Amino acid sequence: MQAPLRTTRQRTAVMSALQQRAEFTSAQDLHEALEVDGITIGLTTVYRTLHALDRSGQVDVVREKSGERLYRPRPDDGHRHYLVCRECGLSAEVEASAVESWAEKLGEVMGFAEVEHTVELTGVCDGCHPGRTAPAPTEQHT
């Protein structure tokens with residue numbers, strides 16, 4: 001992780017747009033949202049800004065099935081892990097104590113200190129799973 005980034009108009013706009021989204025989002029979708037909001041910023045600048053925010057630890061990043069990177073602001077309390085649907089991109093935060101413990105122990109066994117890691121967990125959510133039917137509605141209509 002690097003030193004905190006200098007605040008710029010572009011970084012402020014990108015972070016603000018990210019914070020308004022509930023799920024991980026692509027650079028292209030973020031760029032479109034900024035344009036809709038009347039903010040003029042180039043797509044390349046959005047990519048560079050997201051890369052800088054990733055390097056500084058301010059965003060979490062996952063990869064979509066196609067390999068495209070998706071971004072979401074990282075909570076103030078640090079590193080998170082997500083299970084992401086390969087079909088629709090739905091993400092769910094997972095309890096990561098086992099992953100953290102595993103990474104730390106692996107580092108010790110291999111003779112490494114200050115171990116950092118990136119773990120991508122993907123699957124297919126209930127809504128996208130082939131052959132599954134949607135859950136029954138909770139309300140009855142008459």
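Just so it is clear, glycine is given a Cβ too, placed from its N, Cα and C backbone atoms.
A quick note: this is a predicted structure, and the numbers were derived from the prediction, not measured.
For CYS85, CYS88, CYS125, CYS128, the entry in TrEMBL reads Zn(2+) binding site. When Cβ atoms from all protein chains are considered, those within 10 Å of CYS125 (Zn(2+) binding site) total 17, not counting its own.
According to TrEMBL, the feature Fe cation binding site maps to GLU100, HIS117. Of all Cβ atoms in the protein chains displayed, 13 besides its own lie within 10 Å of the Cβ of HIS117 (Fe cation binding site).
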Spatial neighbour of GLU100 (Fe cation binding site) that is closest, considering only the binding-site residues CYS85, CYS88, CYS128 and their CA atoms: CYS85
Per DSSP, three-state class assigned to GLU100 (Fe cation binding site): helix
